[in-house]
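Trainee: Once you've had a glance at the structure underneath, I'll fire off some questions.
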């Protein structure tokens with residue numbers, strides 16, 4: 001684990017030893033809003049609006065680097081415990097951004113994939129996710145993975161339920177159980193595990209995110225709140241990652 005230096009002059013990372021898969025816990029929207037309440041003049045959840053505005057610049061930087069997978073913790077299973085007004089605004093922003101960014105995704109050959117228990121999302125958002133996913137399914141320059149109504153524990157429970165059904169139906173045997181088989185039942189089936197997990201906002205925890213997948217992932221924590229996160233902050237995280245010696249527990 002590493003804390004950020006918040007170096008605004010972070011250089012463009014070496015193209016050697018780039019992480020193939022970067023995951024980000026985009027934390028700090030509400031704290032950012034509390035700091036900027038007077039200048040924002042919106043509701044108490046408006047930090048999410050400003051957080052959404054960060055994403056195009058980060059996507060451009062990821063494309064420039066040639067990273068292949070970017071996974072973003074967009075909405076957790078626990079977030080359903082927040083005030084209804086905040087949840088509604090988050091969903092409104094999410095729907096609007098999916099609609100607005102579809103031309104950008106197609107122009108830049110970005111494939112959208114959403115993970116989590118999507119069945120509990122509003123029907124309109126489910127429909128929009130399915131539409132954007134279908135429209136971008138053939139692209140491979142970058143896979144953008146949005147974790148929506150996602151929780152690492154919930155993902156494992158859902159995976160084990162599917163495994164149990166397949167064992168009962170004799171599609172597989174309990175003797176077949178292995179790490180790779182379990183991985184194939186997860187939402188992230190077919191994806192490599194994250195090489196680098198970035199958390200903005202300074203909190204020192206993983207918040208039920210990709211619990212199975214981050215067993216050997218490098219962690220990087222920055223105090224920068226998500227609406228203030230820039231490509232330079234991303235470069236700094238990758239520069240630190242490139243200085244690590246990854247041993248995979250060996």
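Heads up, the Cβ atoms here are built off N, Cα and C, so glycines get one too.
On a predicted model such as this, the values are computed, not experimentally measured, just so you know.
For reference, Swiss-Prot lists these features for the protein:
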BINDING   27, 218  Mg(2+) binding site
ACT_SITE  27  active site
BINDING   28-32, 48, 76-78, 80, 82, 199, 205-207  substrate binding site
ACT_SITE  79  active site, proton acceptor
Trainee: Which one is it: of the recorded positions 76, 79, which Cβ has the fewest other Cβ atoms within 10 Å in this structure?
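Mentor: Selected from the recorded positions 76, 79 on minimum Cβ neighbours within 10 Å: 79.
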Trainee: How would DSSP class residue 30 (substrate binding site) in three states?
Mentor: helix
Trainee: Taking the Cβ of each of the binding-site residues and counting other Cβ atoms inside 10 Å, which one has the highest number: 27, 78, 218?
Mentor: 27
Trainee: When you measure from the Cβ of residue 207 (substrate binding site), how many other Cβ atoms are you left with inside 10 Å?
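Mentor: The answer is 14.
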Trainee: What's the CA to CA span in angstrom from residue 76 (substrate binding site) over to residue 218 (Mg(2+) binding site)?
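Mentor: On Cα coordinates alone, these residues lie 21 Å apart.
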